[in-house]
Every structure is written in C-alpha cells, then in structure tokens.
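Remarks on the structure that follows.
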Amino acid sequence: MVALSVVELLKEKIRQEGRVISDDVLKVDSFLNHQIDPVLMLKVGEEFARRFAGSAITKVLTVEASGIAVALMTGLSLKVPVVFAKKKQPSTMDGETYCGRVRSFTKEEVIDIVVAGSYLGPEDRVLIIDDFLASGEAARGLLKIITQAGATLVGVGTVIEKVFQTGGEALRDQGIRVESLVQIGSLAGGQIEFLN
C-alpha cells in the first residue's frame, strides 16, 4: 500500500471532516484550528520544511492562535524558533515592539498584532506560516512586522488557500513566494472544489 502524500491526507481529512458554512467559509476545527491532529500537523510541518529547504530560515512567524500549531511543527522540523504575533500587547511586553493591523475575515473585526522587538531583527530570515490564506490580511500584517524589524521574508506557507479570495494571488503579484498545501477554488453550493 502506497502512503498518501501530506496534500492527499489533508484533502481526505477536509472531505471527511470539513464543513462548508457558506460560499466563503470552510470549517475544519476538528483537526486544524480548534481540536488539533498532532500527527497530521507534524507531517504538515515536515512538508513546509521540505518545500523551504535551503532557504536559511531563522524564524517561523504566525499570528495567535490558529496558526500556532502548524507554525510550531514547522519550526520543529526546521529546528528554528517560532514567534507568534499577539493580538493584544500584554503588560509584560516592554521595550521596542513591531505592530501590524489585520482584519479577520471570519471574526469580522480589525485587530492590531504585536511582536516584541527582541524576537525579530535584521539578521532574521522569516517564514510566515498560517492555517488559512484567504484575503491575505494576516500575511500582510505579519509582513509589516517583518519590515519594521528589518528582517527578510523568505515566503509564506499556508495549509489551506482559498484561491477564490485572491489573497495568495496578491502576495504572488508582489513577488512573494507562497506555498499552499491545499488550494480550494470554490465552496459554492456547499461543494469543495480542490485545485491541486
């Protein structure tokens, strides 16, 4: 029996456990962003490490909370630290900070994300990792933080890209390398259309 690739494993998991909420929203909270399948997430992290091998990555960056599991497994596979942007600056975060503004598609709110200056710097080569890529808001907010830190963006890795929401296209048009494990072309009529 041939082992399925991580992409095929993800697609199968989405088919079995994913739920289309609307033409724009896919619910995958049973394995990705509420309850987490750690074995699958480790395979996802290993796949991102494979795809970005040779990029001299020094940090993996994500936004709390849904991206943390994927980012952690990617950092583990790359053997580099993981930094997550906080959605609220804690009172314990002092010194220089880097901030970005993000509009959450599913929560319909605008939030300011923040990273302590001591965790990102000009010497860093950063890989952004997240669970979903839709409008690209989270990636753009994290890119602002990377720019403020004087660090270098290596690329963006996302588990699921909703291609019909054009965030990935906009990032690619800026010359940013985007690696999406699963690309979805449509959720219309409650049907998941995979592009890869």
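Cβ coordinates come from backbone N, Cα and C, glycine included.
Copied over from Swiss-Prot, here are the features:
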type	residues	note
BINDING	L26, N33, K162	xanthine binding site
BINDING	A134, S135, G136, E137, A138	5-phospho-alpha-D-ribose 1-diphosphate binding site
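Candidates L26, N33, K162 (binding-site residues) were compared with S135 (5-phospho-alpha-D-ribose 1-diphosphate binding site); those inside 10 Å Cα-Cα are K162.
Nearest by CA distance to K162 (xanthine binding site), out of the binding-site residues G136, E137, A138, is G136. Apart from the site residues L26, N33, K162, the chain places the Cβ of G18, V25, K27, V28, L32, D131, F132, A134, I160, I184 no farther than 8 Å from the centroid of the site's Cβ atoms, the recorded xanthine location. A gap of 18 Å separates the Cα atoms of G136 (5-phospho-alpha-D-ribose 1-diphosphate binding site) and N33 (xanthine binding site). Across the fold, the C-alpha of A138 (5-phospho-alpha-D-ribose 1-diphosphate binding site) and the C-alpha of N33 (xanthine binding site) stand 15 Å from each other. In this structure the C-alpha atoms belonging to E137 (5-phospho-alpha-D-ribose 1-diphosphate binding site) and L26 (xanthine binding site) are separated by 17 Å.
One residue stands out among the binding-site residues L26, A134, A138 for having the most other Cβ atoms within 10 Å of its Cβ: A138.
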